[in-house]
């Protein structure tokens, strides 16, 4: 049977309400309740100072002795070994941040209400560090000369079996790997392509398949001149004067001959006998035309002789 004047035990695992000693109203009741909680549950944590702590006014029945939150961000408390509950020997209480899902590392509040985590030398266990990037390796001038000579010789994409041989030549002047040789040729090929696209007059690069991408203007002109066949135009001769042929046929017979020749040309399928007959008729007609002139000329000659 419970004694008079002792408050009944709490019905839940935690008790809400102000648990501070500086309360102006109901301070005796709070002190009596704390004393009763300490007697009934010797392993209990009583958190107070809600305005300063930021965790809230609550008493957690965690199976440990009464303690207050420390002023630091994190603190470690020892638990008595006589505790009836099976709990770990060490408990870490973190005030900032109060969320149990965040990693145990020191954080800093940001202006926007966020929470940024930063690594701490005290909480470096289990964290993964990003390795620092390797410094870029610059080839030596002797190695660049060897690579340029190989590239200009026509080997733009060296095969796999050639890359180790090139690396052995370059290792005489410094340490180099097969990957460095491969990437140098890739970068050199892209630089030559960009130079050709921008209209540069440098050395012509080679394409992916080993074909010549372009040629300089002078070389292309010489190549076209050598391939094109030599053509020499014929000499221009002065025009020769046309000598007129003397026509012995009388002008009266000319139309007849022209008509006969045109008729012969138009009738290509006429027989040779018809052509001969036409020529004989033209000659007879010409003689008939000339005969009156001869007759009139004879009396005149006779009159002169008389």
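Cβ from N, Cα, C; glycine included.
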103-142, 143-182 - the one Swiss-Prot records as region 'Disordered': 103-142
Mean of the pLDDT scores, which run from 0 to 100, over the DNA-binding region (132-196): 88
